[in-house]
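> I have a structure here, written as structure tokens, and I will follow up with some questions on it.
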């Protein structure tokens, strides 16, 4: 598609077609024109953007919304605070203060929150739309690694012959530790022999889908499960979840996905893609706050509860159980007969933190006002504009960095990972910090830049590239 707004030739295409920019696209005026034509521009006002002064301060400071804002491209690490968070938190605290324990079951008419005991389901309803699932297949609970442990306990069923887990060569350390510990938990299994790392070719960072399928073929007779990141945290590569899941299933593997960097970033269709299970955090692109409550997905085929053998003999997928996973209709009978909630809710353990769920529901209320497809459309354009400006008037030989994130929009999310030439990382990081630009650096030489469609602008992308070029020239 082509947009012509205010005389500006807009970007073309989203679905696998890289946006194309005109000759004048490298100008500040063009970036401003893109912002003026942005249908999601008003969402920026729903967030508190740290001021340049505050971002440099080492003392507590009240947010100064009218002040000169910093450029915040670190939503892949921690998203910004929604203005709704304070409103929701005030309602939660007032509920607790005014009616105490009755907050568990009482619906306050003028509160944006449901009673505490169903707030996890309130969040699940919103999250299900972001992952392409039925609400019953999703639940808000725990944190990413604890949820991963719970699901590995249910889905990793090694035998003497099928015991291997296939995983990413540069998996986030917590995923690696979780897998390693589950393998070691089973007598006779050695993580060194049962963990298969899938990596790129020498000198490369992108892992082609065909290579993943080939490794599945190579280990199919011995592999029990594959766990990959939806988006690789270091390189920003977005894996072909549908193709990999379907192929792994055809070889008899269970399939799980860590969606830490994919949730609220790219469009997902977990139910349609027949994913067995998935986990994610909510403090990155979902903006629910540092260490906020995570989420998990269990496909409906694994969440069924069968009472054909009697009310006291439900048949269900084995899991590590807790009382909050019990059916609400009988939860308070306290008869020590576990009857799980059908679906993902049956994997809950303890009473959910209403305080954490308050922050999560506040952030999700913003997503309820748009759609992941609309956000993704802008994200593709923002990141393509960033890539365009970074590469303009340079060659592989002249530029002091390499973009190790795939260039195809279908194979990446919001993030671009820049691998700097040796010795540049700290200098560039210091320059960006002094300019009140917040992005993420990863040793030994990567800067991860992630413009978020909810609150970042094309003008900020332009300013970032100007500051980055200045840092290289110093």
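Here the Cβ of each residue, glycine as well, is placed from N, Cα and C on the backbone.
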> From the candidates 209, 351, 355, 358, give the one listed by Swiss-Prot for the same pyridoxal 5'-phosphate site as 144, 145, 172, 173, 174, 175, 258, 261, 283, 323.
351
> Quick one: what's DSSP say for residue 172 (pyridoxal 5'-phosphate binding site), helix, strand or coil?
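Residue 172 (pyridoxal 5'-phosphate binding site) sits in coil per DSSP, no helix or strand.
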> Cβ neighbours within 10 Å, counted over all protein chains: which one of the recorded positions 258, 283, 284 has the most?
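That would be 258, with the highest Cβ count within 10 Å.
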> For residue 351 (pyridoxal 5'-phosphate binding site), just count the other CB atoms lying within 10 A of its CB, please.
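Excluding its own Cβ, residue 351 (pyridoxal 5'-phosphate binding site) sees 13 Cβ atoms within 10 Å.
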> Neighbour count, 10 Å Cβ-Cβ cut-off, for residue 172 (pyridoxal 5'-phosphate binding site): what number do you get?
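There are 18 of them.
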> Work out the three-state DSSP category of residue 258 (pyridoxal 5'-phosphate binding site).
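Its secondary structure by DSSP: strand.
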> By CA-CA distance, flag whichever of 144, 172, 174, 351 among the binding-site residues is nearest to residue 284 (N6-(pyridoxal phosphate)lysine).
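Closest candidate to residue 284 (N6-(pyridoxal phosphate)lysine), judged by Cα separation, is 144.
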